[in-house]
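As written in TrEMBL, here are the features:
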{"type": "TRANSMEM", "residues": "30-50", "note": "transmembrane segment"}
{"type": "TRANSMEM", "residues": "71-98", "note": "transmembrane segment"}
{"type": "TRANSMEM", "residues": "104-124", "note": "transmembrane segment"}
{"type": "TRANSMEM", "residues": "144-170", "note": "transmembrane segment"}
{"type": "TRANSMEM", "residues": "176-203", "note": "transmembrane segment"}
{"type": "TRANSMEM", "residues": "271-289", "note": "transmembrane segment"}
{"type": "TRANSMEM", "residues": "310-331", "note": "transmembrane segment"}
{"type": "TRANSMEM", "residues": "376-394", "note": "transmembrane segment"}
{"type": "TRANSMEM", "residues": "401-420", "note": "transmembrane segment"}
{"type": "TRANSMEM", "residues": "432-450", "note": "transmembrane segment"}
{"type": "TRANSMEM", "residues": "457-479", "note": "transmembrane segment"}
{"type": "TRANSMEM", "residues": "499-520", "note": "transmembrane segment"}
Amino acid sequence: MAWDYFGFSPTFKTQRIQSPTTRVNNAADISVITIYFLIVLAVGVIAMVRTNRSTVGGFFLAGRSMVWWQIGASLFASNIGSGHFVVIAGTAAASGIAIGGFEWNALFIVVILGWLFVPIYIKAGVVTMPEYLKKRFGGQRIRIYLSVLSLFLYVFTKISADMFSGAIFIKEALGLNIYVAVIALLAITALYTVTGGLAAVIYTDTLQTIIMIIGSFILMGFAFNKVGGYANFEKLYMAAIPTNTTNIRAECYEPRKDSFHLFRDPITGDLPWPGMVFGLTIQATWYWCTDQVIVQRCLSGKSLSHVKAGCILCGYLKLLPMFLMVFPGMISRILYPDVVACVVPEECNDYCGASVGCTNIAYPKLVVDLMPNGEWIDNIVLKFQSTFLFLYVFLQGTDDLFIVVLIGISIAWIPVVQSAQSGQLFDYIQSITSYLTPPVAAVFMLGMFCKRVNETGAFFGLIIGLLVGLSRMITEFIYGTGSCVSPSNCPTIICGVHYLYFSIILFTVSCIFILGISLMTKPIDDKHVRDSFMSFKLDFITLLKCTCCRRIYVYINFSNLQLLKRTSLCSLKAAVCCFYKSMFYIYLQSVKSSSSFCHLQ
C-alpha cells in the first residue's frame, strides 16, 4: 500500500482514545518554550541590526532586500497561522476533504499576484493599498473607505478569529485563562516586530514555515499510524459517529456521503462546486492580490524576478494543507468522535464551551494527545504565536491607544465568533468575507484593466455593494445562523443563498454599477491611469498557461481522494516539468537582471 511506504502502520486498534490531562509539567516542554522564544527574539534583534530602518523602504518593506525563498515562505506563513489549523481541520472533521479546495485555489491566484498585480504596484510606486487607490482614482474617499473596511474586517474576522483559535490551543494544552494567554503573546510579538520592522516579521515567517511544515508532517505521521494508514482511513471516517445521539436527526451526526469529493452538488452541497470555482476565486483575489499584509511581502523583494519565484514557491506550499490539516482533522474525528463530533448541546458545552459543536478543537486535541513531550508544546506555541504576526504590518503607524481599542474589541467579539455558523470558525470567516469584499475586488480589477473606470463609479459601486452585503450580514446576525440541531429562522430568500454564490452575485452587481456610473460621468484624468494600469507581456501569458495546466491537474486528478491510487503519470510529469521550467526561467532572470526596487525607497 502507498501509505505503508511512509511508515504508517497497517493495524488499527478500535478503542476510542481518552484525552490525557497532562499539561506543561516536564523539562522538555519548558525547554522548548524557552528556546523557541529566545530564537524569535534573536531574529528580531538581527533584523534590526541588518536592516536600514531609517527609510520607509527599510522599515516597512525590509529594505527591499528579500530573496525569492524568503518571500515564498513569508507569504505562506502569513496566510497559515493557528486560525488555519483550527478552521481547516475543524471543517474537515465535520464535512470531509472539500475544504482543501480553498487552499488549492491559491495555486492560481498567487501567480496572478506576482505577474499582474505586483508589477502594477511597483510601477505606481506605492507602499500601501489605499495609497494605490488614491493614485489610481484621485481623491480621498475611496482610500478612507478601504481603510475603514480593512479595520472592520481585521477586527471581526482576522484578529478575533485568530485570537479565538490560538486560545483553543492554549486551553487544550496549558489550561491557562484564555485572555491572559492572549495578552502575554501579544506583548511578546509586539516586542520583536516593532524593534525589527517588516524584516523581523519575514525572517520569523521563514523560520516558522520550516518548523510548521516539519512539525505538521510529524503529527500527520502519528495520526495515520493511529488509524492504520490510508487504507483504513476512509472506512473509519465514514463510521465515526458520537455515542450519544438522543432524539437528533442522523444527518446532524453522520459524516456526509460526499465527504471524499472535492466537487460537490451545486444545490445540496455544503461547498457547491460553482461557488468553489467562481465565488472563491473572487474572495481569493481580494485576499491574495489586494490585502496589505500579503502584498507587502511581495513589495519587499529585491527584484520582480524574486517576487515571481516567491509566489510560485508559495503556490506549491499551498498544496500541503490538504495533507497537514485536512487529513489530521478527519482523523481527529475518528479518534475522538464523542468530543469532536458531539451533537448534544449540553455535552458539547462541557467538552469545549460551545453548545453548537466542538469541531474547532479537532486539531489542538490531536496535537496534545498524540505528540510526545517537547514536540507538541513546540507545535502549540508556534501556531498560537503565528496568530499575531500580521498585527504589526496592519497596524503600523497607528496611534497606540487606537491599537489597544481595536484589540479590545476583537477580544470582546470572541464569544460571538465561538457560536457563529454552527460553531465552524471557517464558515464564519468566509461568510463575512463574502458579504463585504467582492466590491473591493471589483474596484481593483476594473481599476487595473479598464481605463474608463473613474473615481465616481468606483466609489458609488463600493457603497452600493457594501449596502447589499450588509443587508445579508445584518439579517444573518439578527436571526442567527443556527445549527443542524437547531436551525435558524432567517428568511430563505435572504439566507438561503450560499455565501459563495452570494459572493458571485455581489461581485457582478458591483461591476455593473461601477462600469455604468463611470460611463455616465466624466472620464478620469490620464495622469491617474498612466502608472496604475496593466499592460500585458508575453511572460505572463506563458506562465498563465503553465499555471492553468497545474490547476487542472490539481482539481481533476485530486477531485476524488483516490489520488494516491489513480494519479495520472502524464499529468504528474507535466506538472513537475512545468514547475521546474518556471523556476529555472525565473532563476535565470534573477541572475541576469540588474533591476531592483531599491530606487523606490
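Just so you know, glycine gets a Cβ as well, placed from its N, Cα and C.
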* **Positions on the same chain near the transmembrane segment (71-98), where near means CB under 8 A and six or more residues out** => 106, 110, 158, 161-162, 165-166, 168-169, 201-202, 205-206, 208-210, 212, 216, 237, 255-256, 258-264, 269-271, 276, 293-294, 297-298, 300-301, 306-307, 309-314, 317-318, 321-322, 325-330, 332-333, 340-341, 357, 359-364, 366, 383-384, 386-387, 389-390, 424-427, 429, 561
* To the transmembrane segment (310-331), which of 104-124, 271-289, 432-450, 457-479, 499-520 is linked by the most Cβ pairs under 8 Å? -> 104-124
* Counting Cβ pairs under 8 Å to the transmembrane segment (457-479), which of 104-124, 144-170, 271-289, 432-450, 499-520 comes out on top? -> 499-520
* Asked: With pairs 6 or more apart in sequence, are the transmembrane segment (144-170) and the transmembrane segment (432-450) linked by at least 3 Cβ pairs under 8 Å?
  -> yes
* Spatial neighbours of the transmembrane segment (432-450) far in sequence, C-beta under 8 Å, 6+ residues away -> 116-117, 120, 133, 136-137, 142, 146, 149, 152-153, 156-157, 279, 282-283, 285-287, 289-290, 458, 461-462, 464-466, 469-470, 472-473, 499-500, 502-504, 506-507, 510-511, 514-515, 532-534
* Sequence-remote contacts (6 or more beyond its ends) of the transmembrane segment (499-520), Cβ cut-off under 8 Å? -> 271-272, 274-276, 278-280, 282-283, 427, 430-431, 434-435, 438-439, 441-443, 446, 450, 452-454, 456-458, 460-462, 464-465, 468-469, 472
